[in-house]
């Protein structure tokens, strides 16, 4: 069989496959006769009642001199690490506002940071295309700076996101502008697996966010500038398990739902969405215009410990608290007196769900505590 005949057969097979995928998607859509909110309303469910006194700003963390781009909590909920355009990582005592560490970075253009599960190490990355690891127990150098313990090099684009594998200080996953995600062995500094790249099932544009499934650490999700989110299994390197469509803009943030069977996304198109990893279906769209009657991009999302609330930060400084069941905004932190004065770039929930931290271009971080009967939801 000639090369020309092989190419012709390949094109025909590809066309058949695409037609079957289209028919399958049409069948799936025809079966989706409702969404989460529609079903909840049909069951007589009522929205969460939430007022300004139920979530209040109890502390403002001041110390960065540049825009804050990323933050993360330790598992014991007492410390927060933040990364800023001022070229520093700051480790904060969340209870006292005290700066425990101020780490000068090898590259000022940092985009992401993460605590290890034990809280003994920090990972960060940015426009230097590398992920730097700092051991907080290391001895500082003569200038008082904490040295880089390990440099994970190998991406061909900027590092947009990183997350340690739960219960392991030795492995983490990075997302990059080179369209791939990588699982790293920190002990050796080598790649364990690469996800995407030249393979057809991978992302076709920059990866912006990753989230590891808390119920099954072998599974993680990624969001990309190609307007899709993808599901990966670390045991099956390179090829995505499933692709999730629906957004009309960059997927800036992905976060797994507490039960591990769903994940949420936040996008440049101004919407958040909830997807089911078992069926691939979109379960709900969270969309509402802001006080200026405009739609603003979503920069970061997080779920409450029960999953009933979805927190979403926006480029105009708003931070919506969504009722995930009824798809209603129950509170806008951006409308409160102590709100941020610029774009909310990152947010994260304490491990026990008792507090939310938000970071902004206004150089500050704010800790929002649940009050009264809303201690944890």
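Placed from the backbone N, Cα and C atoms, the Cβ positions cover glycine too.
Among the residue ranges 3-30, 31-58, the one that TrEMBL annotates as coiled coil is 3-30. Listed as Cβ neighbours of the repeat 'WD' (337-368) (distance under 8 Å, sequence separation of 6 or more from its ends, same chain) are residues 55-62, 64-77, 80, 82, 84, 86, 92, 94, 299-306, 311, 313-319, 375-377. Nonlocal intrachain contacts for the repeat 'WD' (61-102), taken as residues 6+ away from its ends with a CB within less than 8 angstroms of a stretch CB, comprise 108-115, 117-119, 122, 124, 126, 134, 136, 146, 342, 345-352, 354-355, 357, 359-361, 363-367. The DSSP breakdown of the repeat 'WD' (61-102), given as helix, strand and coil counts, is 0 helix, 23 strand, 19 coil.
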